[in-house]
Amino acid sequence: MKSISNHLLNTDYMILYRLIVIILYTISSQMGYFYIYPNNNEGIQLIQVLYLFKFFTCVTMTLNVIYFITSIPLQYFNLGHVRGYQFLVVFSFNSTMTLFYWSAFLYDPKMIYEIDELKNMPLWYNHLCHLLPPITLVIDAYLCHPKIVSFYNALKIECFIGIIYNIFIETGILLWDKSPYPQFLKYNLLFRYFNYTITWSISIGFILLGEKFVHYLHKNIKKNKKETNSHDDIKEKIENKEKIEKKRDERNTKVE
């Protein structure tokens with residue numbers, strides 16, 4: 001009974017945590033939109049939102065929102081394997097986004113400032129957008145351990161998203177000479193594809209890291225269960241011993 005009540009309490013905490021994260025993402029997304037389009041008096045427009053998907057960060061943020069919104073119904077309908085794949089892919093995108101953003105910023109902050117859409121965005125906001133998402137994801141994994149799923153299937157999903165994104169980027173560069181990252185316009189085709197290869201290779205490495213992390217969480221669960229069962233067995237033996245001794249004392253008392 002105690003374990004059931006603890007499980008229900010943990011479930012309540014997980015749902016509350018995810019709802020808080022969804023609300024924070026909603027607020028931050030709205031703030032980001034009006035930072036990028038400060039002179040927009042007509043409200044949020046779908047075309048302008050779709051235009052932002054040229055940024056790797058926006059793609060990653062969207063995957064985060066999908067992950068947290070769908071995690072509750074997926075858990076309710078016992079579709080843990082779907083959430084397992086979601087976690088590996090989203091963890092990989094978040095880790096790659098964070099690594100590249102902070103590497104670029106520390107190497108040369110102008111690489112961030114030169115992007116036209118980000119000129120009106122406060123630095124603190126940009127930093128938080130590239131720091132908090134992976135942290136919220138890891139906390140969620142600790143609260144509700146994702147299922148262990150196939151690495152290769154997760155890789156296929158990531159490659160599919162990556163190919164679509166690269167086609168989108170290359171189309172803008174080749175047809176309109178526009179890129180979300182101004183530095184890419186200075187590179188030739190071969191060097192750009194080399195960058196894509198490096199990026200997705202690192203991303204695949206993060207899938208492997210995410211898989212190891214999930215295995216670590218499940219290993220801890222088994223260890224804790226084993227310790228709990230061992231403790232319960234010892235407790236049960238002590239209780240049985242006390243009962244036997246009590247009965248023996250009662251018999252001795254009657255004999256006397």
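Using N, Cα and C of the backbone, Cβ positions are placed for all residues, glycine too.
What TrEMBL records for 15-37 (among others) is transmembrane segment.
As annotated by TrEMBL, transmembrane segment applies to 49-72 (among others). Packing against the transmembrane segment (49-72) from elsewhere in the chain are residues 15, 18, 21-22, 25, 29, 33, 36, 82-83, 86-87, 89-90, 93-94, 96-97, 100-101, 117, 129-130, 133, 136-137, 140, 144, 161, 165, 168-169, 172, 179-180: each is 6 or more residues past its ends and has a CB under 8 Å from a CB in it.
Beyond the transmembrane segment (84-104), the same-chain residues lying 6 or more positions past its ends with a Cβ under 8 Å from any Cβ of the stretch are 56-57, 59-60, 63-64, 66-67, 70-71, 74, 111-112, 130-131, 133-134, 137-138, 141, 146-149, 151, 153-154, 157-158, 161, 199, 202-204, 206-207, 209-211, 213-214. Residues annotated as transmembrane segment in TrEMBL: 84-104 (among others).
The transmembrane segment annotation in TrEMBL covers 155-176 (among others).
According to TrEMBL, the transmembrane segment annotation covers 196-217 (among others). Same-chain neighbours of the transmembrane segment (196-217): 84, 87-89, 91-93, 95-96, 99-100, 138, 141-142, 145-148, 151, 154-155, 158-159, 162, 166, counting only residues six or more beyond its ends whose CB sits under 8 Å from a CB of the stretch.
Marked as region 'Disordered' by TrEMBL: 226-256.
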